[in-house]
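This report refers to the structure that appears directly beneath it.
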Amino acid sequence: MAVSTGHAHWSSRWTFLLAAVGSAVGLGNIWKFPYEAGQGGGGAFVLIYLAFVFLIGTPVLIAELSLGRRGQLSPVGSMREIAKAEGRSSWWQLVGWSGVIGAFIVISFYSVIGGWTLGYFFQAMGGFSGYDAAISGENFQSFISDPLLPLLTHAVFMAITVFIVARGVQKGLEKAVTTLMPALFVILVILVIYAGVAGNFSATIDFLFSPNFENLTPRRVVEALGLAFFSLSLALGSIMTYGSYLDRSINVTRSAITISAADSAVALMSGLAIFPIVFAFEGLAANQGPGLVFVTLPIAFGQMPLGVVFGTLFFGLLLVAAITSAISLLEPSVAYVEETGALSRRNAAILIGGGAFLLGILTAYSQGDSFLSDVRLFGFDLFGLKDYLTNNIMMPVAGMFTALFVGWFVARKSMLAELAMSVRAFRIWYFLVRFAAPVAILFVFLGLLFGDDFYNLLYSVDVLIGIVWFALAIASGRLAYIRDRSPAGWFLVGLVFPFAVLFVAVATHGTIERAQLREAHKALGEPEDRDEY
Ligand code: TRP
């Protein structure tokens with residue numbers, strides 16, 4: 001039952017799907033995924049990222065869409081009303097608040113990176129001929145260190161976003177997504193093929209797909225989780241808000257699976273386009289950080305036939321993908337303010353976009369050797385701090401509470417009615433949101449907080465945890481069997497248990513070695529670089 005109705009709706013199922021894919025596919029897939037995979041050491045990071053996308057992200061995506069659709073309000077309003085309807089505490093609206101605030105922080109830096117894309121779009125028109133690793137790196141450094149360009153492009157990017165949101169999401173969005181998203185996909189395919197021919201493809205396959213768990217630190221595991229949420233647009237209210245524009249005829253589950261598949265396909269393709277170039281050129285490093293895409297691809301565009309055309313198209317389309325995501329980041333807070341009746345949609349968009357622009361200036365000037373680049377808070381620069389806070393803390397926490405809410409605090413029969421899936425599919429989903437998602441997120445978190453101590457503890461009770469998990473899975477499978485005599489419940493055991501084993505293996509592997517390494521460094525009196533462990 002919808003708690004309240006009466007605001008805008010998508011014009012069709014197709015529009016909704018494109019808008020949601022437009023929100024999901026963006027800089028997270030093409031800019032963030034490759035550089036974090038590069039820093040995370042490749043294979044193992046990619047593997048757990050994909051596991052997180054499908055086993056945690058997708059169930060949470062289904063949860064968020066259905067909460068938004070049921071609430072028909074902004075994330076704050078939807079959480080408040082649904083909690084009320086279910087007889088739960090009004091504190092649950094904090095999940096909505098965390099989303100609205102988190103999305104505001106994310107758009108403040110997202111727009112800066114969107115600005116870089118805009119800058120590169122113009123550069124690409126002039127071509128990148130003769131670019132090698134040194135020239136390209138130098139070019140990127142001088143762009144982000146420029147006193148004016150990052151600010152100007154950030155302003156333009158934010159202005160476009162505000163403009164579209166002010167007019168109402170549906171109107172602004174429909175055309176952009178129907179033609180331009182497929183075009184981006186085609187360009188990516190061309191880039192992958194080119195990189196495959198001209199670059200080092202076999203090293204790339206090796207890097208991205210052979211898991212090397214030694215490189216995985218607690219920090220990287222939580223980063224993979226945050227990235228899975230980030231690239232699916234989860235836990236900050238974007239998807240919940242888009243869900244609120246849905247009417248009840250839409251199959252939420254099928255939509256969620258389509259979104260996740262498209263999203264991870266784009267991320268992997270981006271990796272397949274970028275890393276062959278990284279491994280083919282002297283002087284490019286897989287772990288170089290946020291500049292990776294901007295340093296690597298121009299080299300390819302400088303050498304390939306029709307490079308000016310492809311380069312311009314690529315950065316132009318990436319810009320569109322970034323804008324369709326940015327819209328969904330601004331939308332939750334605008335929807336909230338509009339809903340309170342304090343401001344019109346237009347004024348809310350301008351005010352909030354303006355605020356995010358100001359906050360984003362800190363990010364713009366924290367890069368390269370700009371004047372804020374030396375500022376450190378809690379050991380982070382001003383971009384890294386916002387990224388860490390949202391990606392590694394706010395999103396996992398909000399994601400966990402979303403899963404707990406639908407899994408434990410909304411009546412099972414409300415969810416069953418809301419989702420209208422087959423009983424079998426529902427049972428799998430329900431198990432994932434009740435147990436797998438919260439527990440996995442909690443583990444990842446404890447690992448981040450306590451580092452090696454927690455992982456060593458986990459290692460020593462490894463077998464025990466495995467047994468408990470297995471027992472839980474068996475018990476729920478058995479219960480399902482008793483309830484309707486179908487063996488479907490056993491399927492859960494098959495699905496969840498390997499994941500648990502994988503997770504515990506990933507979480508514990510290499511910890512001992514890292515501890516030994518740290519001891520060795522200590523013994524030599526070398527400084528402790530925490531990231532290395
Ligand atoms: N998913 C988008 C990307 O990959 C970014 C994004 C849009 C987002 N809305 C979000 C990230 C909500 C987190 C939460 O570029």
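Using the three backbone atoms N, Cα and C, a Cβ is placed for every residue, glycine included.
Those TrEMBL annotations? Automatic predictions, nothing curated.
Quick look at what TrEMBL annotates:
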- 12-31: transmembrane segment (TRANSMEM)
- 94-122: transmembrane segment (TRANSMEM)
- 148-169: transmembrane segment (TRANSMEM)
- 181-205: transmembrane segment (TRANSMEM)
- 225-245: transmembrane segment (TRANSMEM)
- 266-286: transmembrane segment (TRANSMEM)
- 306-327: transmembrane segment (TRANSMEM)
- 348-368: transmembrane segment (TRANSMEM)
- 388-410: transmembrane segment (TRANSMEM)
- 431-451: transmembrane segment (TRANSMEM)
- 457-476: transmembrane segment (TRANSMEM)
- 488-508: transmembrane segment (TRANSMEM)
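Beyond the ends of the transmembrane segment (94-122), by six or more residues, the same chain brings 27, 31, 74-80, 143-144, 149-158, 161, 230, 235-238, 240, 290, 294, 298, 312, 315-316, 318-319, 322-323, 325-326, 329-330, 332-333, 336, 352, 355-357, 359-360, 362-364, 383, 386-387, 389-390, 394-395, 397-398, 401-402, 405 to within a C-beta distance below 8 angstroms of the stretch. With respect to Cβ pairs under 8 Å, the transmembrane segment (148-169) is most closely packed against 348-368, considering the stretches 12-31, 225-245, 306-327, 348-368, 388-410.
Touching of the transmembrane segment (388-410) and the transmembrane segment (431-451) is concluded from the presence of at least three CB pairs under 8 A, sequence neighbours closer than 6 excluded.
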